[in-house]
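If you check TrEMBL, you get these features:
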ACT_SITE  Glu278  active site, proton donor
ACT_SITE  His307  active site
ACT_SITE  Lys420  active site
Amino acid sequence: MLRLDLSNLDSRRIGSQGIDLEQALRAHKKRLEAARDALWGRKGDPAEFLGWIDVPEDTQTLRKVLRYREANAWVEDLVVLGIGGSALGAQAVNAALGKGPVRLHFVDNVEPEPILELLRSLEPRKTLVNVISKSGSTAETMAAFLAFRRWLEEALGQDWKRHVVVTTDPARGILRPYAQAEGLPAFEVPPAVGGRFSVTCPVGTLPLAFVGVDLEALLAGCRKANETAQAQVEANLPAQSALVHHLLSQKGKSVNVFMPYSTRLRYLPDWFVQLHDESLGKAIDREGKVVHTGTTAVRAIGTTDQHAQVQLFREGPHDKLITFVRLEKPTEDLKIPAVAGLEALDYLFGRSFFELLDAEAKATAHALAKAHQPNFAFVLERLDAYTLGWLMQHLMWQTAFLGELWNINAFDQPGVELGKEYTYALMGRRGYEKLAAELKAEGVE
Ligand SMILES: O=P(O)(O)OC[C@H]1O[C@](O)(CO)[C@@H](O)[C@@H]1O
């Protein structure tokens, strides 16, 4: 179960920085319905990159993933080579729900020392490498693949092939033909699913199958989010949270803090930051007009960041909308014991850690509201696969709705290309000689 707690956005509580949600829903009903109908209507067109809506229905692929996991019971360490959307979703779900027995490692950077440290810690005979790249051209992932493939081959000879599994586009890019030529097992990233929307396809499900996540439940939760995204505006949770973002951005809230009260959810903000920023930070709208949209998503974790960032959230610039994720029930709880001689702490004696966590979440949200800092919460009944799937698919829908409200394409990322080309030029890639010369003339070499 997932619900929205919007009480700290209410203008009756926080004044002009807030909104009257009921009135806003009435006023924007037509626009939200048009956005909803446009998204559902365009779903079948591969060029629209809305394939993530239907992926949770694809139980056949899930079965294939689970069969692969069963057939590879020898794996003790699974190394995911992927970056951005090809790593962040699985990383977030693994931290929240992963139970082992396999240890998951994510290589999503090209800093040599951590890669060497990981390689030195692994036993090649017990290691499976999952190279994940939709494009098959991402420099970081491919560099890591070259290194891990060599490492496996040096240790295992031709048997290295049993230790690599590929996840990539069914047709495009260099990884697919390479997997075919070498006889490597390979899973698909559906062409109409962008990286940051891909956690429910084998990009996420394959690594998560090795750490015992209940994938059936995760996908069922995603389907529940789809159901709510189809509903009338009054029951359409993604339309509502998107409207909140839209209206608050119009009130100058250009920073969007995403703050789960959960260490288990510590990587969820990283996943959300990519989803939100890469989707919505756009220079040009669908009509070709220069717009420079986007609100900047910022990571925070409660309670940890109460002692690092909340001072700024409360008393700093009034440019923020703060999104909390709160749990209603713990999975397990721990009593805080009474200790003689420390009676100054008796307000804690006999209470539980979850009670303290919950009190801190509510107290911080209320203190922010008192300072007229608008905030709202996704309230999860508990942290399980169903609810996390629901939340993640909800956030994908929220992003898609915002794309509609802002009239931008939320599914491309043209702004990352020039940096990639400069990298190719600096690395001496064939075909980039002219760009390298230009960079040199500009003092970059
Ligand atoms: O799966 P790929 O093609 O390696 O891409 C990784 C990431 O790089 C980006 O394309 C941005 O550079 C992201 O959108 C994507 O999630």
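Note: Cβ is positioned from N, Cα and C throughout, glycine not excepted.
Automatic, uncurated: that is what TrEMBL annotation is.
On the structure: features taken from TrEMBL.
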residue : record                    : DSSP (3 states)
Glu278  : active site, proton donor : helix
His307  : active site               : helix
Lys420  : active site               : helix
His307 (active site): tally of other CB atoms within 10 A of its CB: 8
All-chain count of other Cβ atoms within 10 Å of the residue listed as 'active site, proton donor': 23
Number of Cβ atoms other than its own within 10 Å, given for Lys420 (active site): 12
